[in-house]
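Enquirer: According to TrEMBL, the protein has these features:
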{"type": "DOMAIN", "residues": "A:27-169", "note": "domain 'Aspartate/ornithine carbamoyltransferase carbamoyl-P binding'"}
{"type": "BINDING", "residues": "A:79, A:80, A:129, A:157, A:160, A:285, A:286", "note": "carbamoyl phosphate binding site"}
{"type": "BINDING", "residues": "A:107, A:190, A:244", "note": "L-aspartate binding site"}
{"type": "DOMAIN", "residues": "A:177-322", "note": "domain 'Aspartate/ornithine carbamoyltransferase Asp/Orn-binding'"}
């Protein structure tokens, strides 16, 4: 497609196509576990190009026009839901969003009945969030369209990990060899899990830093280094990724108080001093300021990539929607 | 009365150690003669067993449903029903009702366990004496361990007066809490809440001390871990009157079976590591684990095909009990007599039942099976009320040929 045509076309026709010989070898995107580096690279490269497109005045492309995207969120979310909705719309898709309040699950319908109902409406992509680990996988087994996991329980949140990886890659130039400290509530975090699988697959050195009560058993077997002290875990880190303290899941007496948590595991300038000078600070949001992160660190323009992560989120989701529907259209592996 | 003779059978009776080729004759629902010397004299009906094993019928100490046809197909002649029914069995009335219904409608023998505490709430001792008189064979709060040490102490003391067996589920509730899988690498990776091994060990160690303190009998319902086996072993060594059971799924599967959120492999306690699995087999071998139960818990797809945390735990296990229990025998890690003893004589003895033996005069409850017969588990062919098994399509060896209760065939497999 020529530059000339885009000058007159109401849509910018993106020249985004997979590099030759690479296809997404999965029907769904349920997690980053098991994704190979080439596939990840391909997703990130595609997303990279959508970042450029999103910065233009004309952001929409009709490559997915006529396709239907359903966003089914059984758990509250603002940024992820909006991000997927914007991503779909920018690709020209018809997007429909449904959250718990309007779903029939509230009326006692089972997840598989919901799947059957949705399936009958012939969507092309289903984006789903659910409070239970494995729920998205279960539903995907009954759907004929592509399913994207937008977060299930404490299991996975693959697009978050991809957008984190894209942010790091753009800032640092590479993922391989980077020392990335993920700090906070590892036990309850699907973001941590997806990041561990993706970043270790890409050759990054992943460290987990958390109080012992928020570290799940045998987590060291996932190919990560585990620390309980911030000064040790953050030492020489290239990236510090803070996690939200999931206070709604803190019923079991994991921590004595938020005040104490902040003192020992909250990210402050002092604690960050042991990391590399050009350390990148990240947070998947929403942030609890003064709990897991100090405001002056979160708002540090030079170091914080928190807003950039949100921007990358739209591009990554566009890439995922594009690639998965392309796979469908071209008869990829079912 | 007519006499039926089962000839050419490998007679195996763990109660007496009998293991020889011979004949067993039945008259009036009881065993008339058994052994190499037994003859067919006077028999009106002769069944040639063609060298198959003839052993006492299996006594399954832990089932959550009666499921008669499936039990008979599995070679089970005595089913012990757990008290966690729609109406909790915690008084003599439901015990009597179950016993009466079983006599009228069941092809196999059915005995209930009564609840150990009222409503299985773990607070007040249930009417053990009355339930025992009505036919309850043991007392348990099923999947809930009695958490309050003082309640368990009183319960053991009280049950001792009646010679009643208390069965405790070895899982410390607060540690297990919302756990749905073994706390370890797999659960961590899948983002599932875990049940640590310590939940089992701590419960066993505390309760074994209470059994010693009260000089009472205490049976642990389902052991799933190496540490659990060790805790029972240590308690027995100290002289505690404790016994323990496990189920074939713990001998066959490890935590990897829940990969992909396979809810058919969701059981309680959860499947643990490979080391745990091997330790359980060793536990049976050295007698630390006394009993093998099915923990038969048929569940409909409606409650199984749900997100892992929401799905019910349990396996439809009657029809796979024998072949799965025989697998360690074929693998050379256990001998056939040991396995049969854990499924016949020992549970019968613990429960005070007269079955579980081929002694002359005993109930003619027995199973005839071909231990080497290869087949493939096919859940679509299950006679059970539900087909929730993680073993579908698994190649196994050992198949029931006939199940006899009170001298009458209640299951007939393939023709001779």
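Cβ coordinates are placed from backbone N, Cα and C, and glycine is handled just like the others.
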Enquirer: Is it possible to get the count of other C-beta atoms within 10 angstroms of the C-beta of residue A:286 (carbamoyl phosphate binding site)?
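Expert: Result for residue A:286 (carbamoyl phosphate binding site): 10 neighbouring Cβ atoms inside 10 Å.
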Enquirer: Could you check which of these binding-site residues, A:80, A:160, A:285, A:286, sit within 10 Å of residue A:244 (L-aspartate binding site), going Cα to Cα?
Expert: A:285, A:286
Enquirer: Quick one: among the binding-site residues A:157, A:285, which has the most Cβ atoms sitting within 10 Å of its own Cβ?
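Expert: That would be A:157, with the most Cβ atoms nearby.
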Enquirer: If you count other C-beta atoms within 10 angstroms, which of the binding-site residues A:79, A:190, A:244 is the most crowded?
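Expert: The residue with the most neighbouring Cβ atoms within 10 Å is A:190.
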Enquirer: Restricting to the same chain and to sequence separations of six or more, state which residues have a Cβ under 8 Å from that of residue A:160 (carbamoyl phosphate binding site).
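Expert: Within the chain, residue A:160 (carbamoyl phosphate binding site) has Cβ neighbours under 8 Å at A:80, A:151, A:190, A:191, A:194, A:195, A:284, A:313.
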Enquirer: Which residues, in sequence order, are found in the same chain with Cβ within 8 Å of the centroid defined by the Cβ atoms of A:79, A:80, A:129, A:157, A:160, A:285, A:286 at the carbamoyl phosphate site, excluding those residues themselves?
Expert: A:77, A:83, A:150, A:151, A:191, A:284, A:313
Enquirer: Restricting to the chain of residue A:129 (carbamoyl phosphate binding site) and a gap of 6 or more, list residues whose Cβ falls under 8 Å of its Cβ, or answer none.
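Expert: Within the chain, residue A:129 (carbamoyl phosphate binding site) has Cβ neighbours under 8 Å at A:72, A:73, A:74, A:75, A:77, A:80, A:81, A:136, A:149, A:150, A:151, A:152.
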Enquirer: Across the domain 'Aspartate/ornithine carbamoyltransferase carbamoyl-P binding' (A:27-169), what does the mean pLDDT come to, as a whole number?
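Expert: Averaged over the domain 'Aspartate/ornithine carbamoyltransferase carbamoyl-P binding' (A:27-169), per-residue pLDDT gives 92.
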Enquirer: Which ones, out of the binding-site residues A:157, A:160, A:244, A:286, lie near enough to chain B that their C-beta is under 8 angstroms from one of its C-beta atoms?
Expert: none
Enquirer: What kind of secondary structure is residue A:79 (carbamoyl phosphate binding site) part of, going by DSSP in three states?
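Expert: Note: residue A:79 (carbamoyl phosphate binding site) is helical by DSSP.
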Enquirer: According to DSSP, collapsed to three classes, what secondary structure does residue A:160 (carbamoyl phosphate binding site) have?
Expert: helix
Enquirer: Across the listed carbamoyl phosphate-binding residues, A:79, A:80, A:129, A:157, A:160, A:285, A:286, what is the farthest Cα to Cα distance, given in whole Å?
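Expert: Those residues reach a largest Cα separation of 16 Å.
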